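Let me begin by presenting the structure, written as structure tokens, before commenting on it.
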Amino acid sequence: MQDLIRHLPAVIYEYTIYPDDQPRFTYVSESSESILGITPEVILSDASVLDNIVFEEDRELQQQTSALSIQEGRDWNWEGRMKVKENIIWVEVKSNHELRPDGIIIRRGVIQDITERKELAKETEQRYLSLVDRLPIGIVIHKQGKLVFANTQAYQILAYKKTNELIGTEVLNFVHPDYHQRIARRMKEGGLLAPMVEQKYVRMDGKVIDVETMSSPFTFQGEPCVQVIFRDITERKQTEERIKKNETLLAQLFQNIPMAVVLLNDQGKVEQVNKGFEEMFGFSLDELKDKSINDFIVPEELVHEGVDLNNLITANRIVSIETIRKNRNGKLVNVILYGMPVMLDNQTIGIYGVYVDFTDRKKVEEELKIRNTELDNFVYKVSHDLRAPLSSILGLVNLARLPGNTDNPMDYIDIIGEKVQHLDHFIGDVLSHSKNLKMDVTTSKVDFEQIIDRTFEDLNYLEGAKEMVRHVKIEGEAFYSDPWRISEIFRNLISNAVKYRQLDVSTPEINVKILVDNYRAEVSFADNGIGIDEDNLAKIFEMFYRATEQSDGSGIGLYIVKNAVEKLGGQISVASKVNQGTRFSIVLPNRINSFVSASKSQVVEQ
């Protein structure tokens, strides 16, 4: 055993501490002379010789740790420097602690020369520091909150210009106040490993920057420290903020644009739809997600068109066509479809489809075609109906001027009077039609009884008007609408009842029934006239259409009636049987609420 101890590369010792006497070594192995430069005999005779060779700067820590281990009754470990034969070596001392019943403390331990290990560690540390100094991230090391190292990148990130200007400063000096408590808590925890987090630092010039940072325990120059790694992510955060802002703006634009928009992925499947799409077609994103849009809104006969469009857009083509799509209920919708590819690195990664509903425009176009046709007919009919009586009048004038003509001039004047009267009625109907088209709907209280009485008075000149028996029944609430248009409707319907009465019936009749509530007026005109053939019934509301030659009317009376009813937001229908009579049924909205609202607004303005 002694031979084994003799050849160990360490000093084996036993150190005894007496309660009432000086401590001393009771055993020291022979290697003390080779390692410490002092023979075992010298150490055994005077324990203080080892204290004397401890490097002066390390002596205080050596004494403090030794005393503390005795006080706490625990093992003693210490690293420090000793001066041996004019050389400085590093030693590591490790010993156990044994307290005997008589109060004597025995330490048994080893003293090892760790100079090579220290030099290797120092060399490794230098290589580490050299490497760290070249890294593109900030690295600082602090001991109990004070910096003992900072690499070049740390100086640049924190805007410090002078070398070593950071050394000795508090780590909290460049941490934003919002994070002080968090950092202080970590330091109290002894520098435990902390994951990567985002924080804010304050540069020397006062500028606040965003950083990504993490910390970990680290031994620096033999001392327990904390290493902090960080990098400036301010530009990245600003970019992320701009991207987030742009994404928010784009998302709001996508959702709120007053058109139907769908985004397809690179497989042609639905990725996103906006509110306008849901409103136009009735399908939600949950129903369409990752499915083909063609299976939902493309009519069966246009499926090939839908596929072709997707292929064109995928091939980096922008398309714009007028086509038809269908909504959830199968209703067809006239749309202008704009298709645009979404490109990334010259690759199509998606498709935007924008649908503009132009059904109303289509209706307007169709209505315009009808109006143009009516206008052509109108011009033709007006020119014909104006020229015919004028030609007749001119013919009578020329006839009266013929030499030797012995006809009674009064007969000519009577005929001319009839033609002029017909011309005046026709012009009146044309003006009435024009006024109905141009004039805005006005609202006031309608006096049905007064309108009916005045109409019969105005039509009293018509042949058979005086013989017409009228039955009028008006019941219900007050009615508000456009009195002029109501008068035009009544005038034309009563006029027709007079004109198309049965000539062989002794008592021609017209029954007018009106029932009013707060929402509508139901109006019925029924006569016992000649009636209308079923084949002609569908055409009677067309311009210039006349189902019989019994009267030489203008043919636009019922056309005016239908247009006036529609202007008032109402509906009209007709039922008739030949030689039995005709019934016109009209439903008109009671505009009392809009009249009351308008009256209140006028009071407020006054």
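A Cβ is built for glycine as well, from the same backbone N, Cα and C atoms used for every other residue.
For the domain 'PAS' (20-73), DSSP puts the residue distribution at 34 helix, 6 strand, 14 coil. According to TrEMBL, the domain 'PAS' annotation covers 20-73 (among others).
The annotation domain 'PAC' is assigned in TrEMBL to 195-245 (among others).
The feature domain 'PAS' is assigned by TrEMBL to 246-301 (among others).
According to TrEMBL, the domain 'PAC' annotation covers 317-370 (among others). Summarising model confidence by region, the domain 'PAC' (317-370) averages a pLDDT of 85.
Marked as domain 'Histidine kinase' by TrEMBL: 381-592.
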Over the span of the domain 'PAC' (195-245), count residues by DSSP class, listing helix, strand and coil in order.
12 helix, 31 strand, 8 coil
